[in-house]
Amino acid sequence: MSRLKINLDAIERDGASATEGFCADGVRIGSLLVSSEGVRDNQGNLCVLSLSDLEVVPETEGGFLGKGSSGSVRRAVHRGSNKVVALKEIKVTGQTHINEIRRELETLHAGDFATPYLVSFYGAFAHEGSVFIAMEAMDGSLHELYKPVPPPVLACITRLMLKGLTYLHRNRHLIHRDLKPSNVLYNSRTGDIKISDFGVSSNLECTKADAHSFVGTVTYMSPERLRGEHYSYGADIWSLGLVVAELAVGVCPYAGLRGGSSEARFWALLQHLNGDGTALELPPEMDSDLADFISACVVKSPDRRPTCTELLRHPFIVRYTGAAPEAEAKPFSTTTPTVLAPGGLSSLLNRASPAAGSALPLASEGGTPKATSPSPAPVSPLTLSCPLERHDGETDADIADRTVVARWIHAVMKRAVLHKARGHGREELHQEPLAAVSASVATDSGEGGGAAGVSAASLDNGQAAQHREFRAERNLDGHSGDGGSAPVEEDCTAGVRSLTCDDLRWTSTGEPSVNLDDELNRLLF
């Protein structure tokens, strides 16, 4: 059976072709034709995916996930497998959008199955002037995550982000150019941390090349980019430092620039970064290794910033995650990524279908995507008594990191539900449970001794105790318990209300309500 293999060289070579754009059969992107039936390459191979394969979840039922660099992202359900996917729509109105779609398809397809640190790509199709890209659905972004994140957990999140950046820089020779909390996604059940939104990424022909275009989100841009100078991989390192700082402190690093007009705030930021002082003032009580890590990333001179490989050896990462520094220096596998069969999304998702006979109603043919599908059932809490599935190429340290992240998110979600049920305010939640959760995670992750020795199985007793305590607290509050069903160790989700992303978002500090990034981008572009 023939397989679709996207010719990345042909895409890059034909990128400036005059034939790109709308045609009778769809939208031509380099050597690819994106039609209503899916993606066809120049050899005639077709990766099948169409609107009729999907049902878009209504916005009133949590269907709207957010906006990318130039398109909206909605939740959809693949009717053949009942699996939830993220469906990104990019309205094609010019060459800029053609370029973005090319970058998305190239990066997602090349990274799919080659690394677990980028969101998976399922397929694409064209419909009524837009290109829709189906990707792996995640639970949320770091923008929505409870903040501040305790250092032991933050180190695990940061290490997983670094693994994704290492793949982009070393294997794909790509600068992401828009790394920010909303472009780093998490899965609360598995602890996966994945980089997304490659619409403004830039390819470097060799490791010494640099770029010069001005795209991305202004408040996470490095000084050399703000000045319009040439830049390289160090620009992503700067953005990473700001993301880590935001997770550590709980607010956008340059939130204080919200006063005045958009133009005044932009020039204030540029003046600050061009000054002689440090780029970022960190709280004196911050963990010393964490502060040193952030400071190393946000050095104003790009030549003095460390690489991803060097940061993976930083004391902040090694201390809390226990990952062997020499192991991180090994290059990623350069094997050819798995390619999709002609069945496309349908064949890929049906292999992992959670249940048979759960197909959804047919999507309507023609017209705009109909938001008529019922919202997918809430995902039950993470069951840490079962070891997390190992991704291809993962080490024990990777699994340990994901376990710590998943457990922390799960603990915060449970406390949020409990406080919400008791009628406590958001401020009370921020004052009390974080310290307890942080202490618990720090102990279990082996603060000072590394988290590499932490396995999912080793968390069984503690997790079971947490669920027993949580159920007891719910009973005291007049909520139903587990009904005395299966033992906790065998089913630690029994009797516990299903937790959804909304439970976690309720506790989110988030970025400032005034979106400085959007205002500055409107000013500049």
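Placement of Cβ uses the backbone N, Cα and C atoms for every residue, glycine included.
Quick look at what Swiss-Prot annotates:
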DOMAIN    59-317  domain 'Protein kinase'
BINDING   Leu65, Gly66, Lys67, Gly68, Ser69, Ser70, Gly71, Ser72, Val73, Lys88  ATP binding site
ACT_SITE  Asp178  active site, proton acceptor
COMPBIAS  358-367  compositional bias 'Low complexity'
REGION    358-392  region 'Disordered'
REGION    438-468  region 'Disordered'
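Neighbour count (other Cβ atoms within 10 Å of the Cβ, all protein chains): 22 for Leu65 (ATP binding site).
Just so you know, of the recorded positions Lys67, Gly71, Val73, Asp178, the Cβ with the fewest other Cβ atoms around it within 10 Å is the one at Lys67. Closest to Asp178 (active site, proton acceptor) in space, going by CA atoms and restricting to the binding-site residues Leu65, Lys67, Val73, is Lys67.
Per-residue confidence over the domain 'Protein kinase' (59-317) averages out at a pLDDT of 83. According to its DSSP assignment, the residue listed as 'active site, proton acceptor' is coil.
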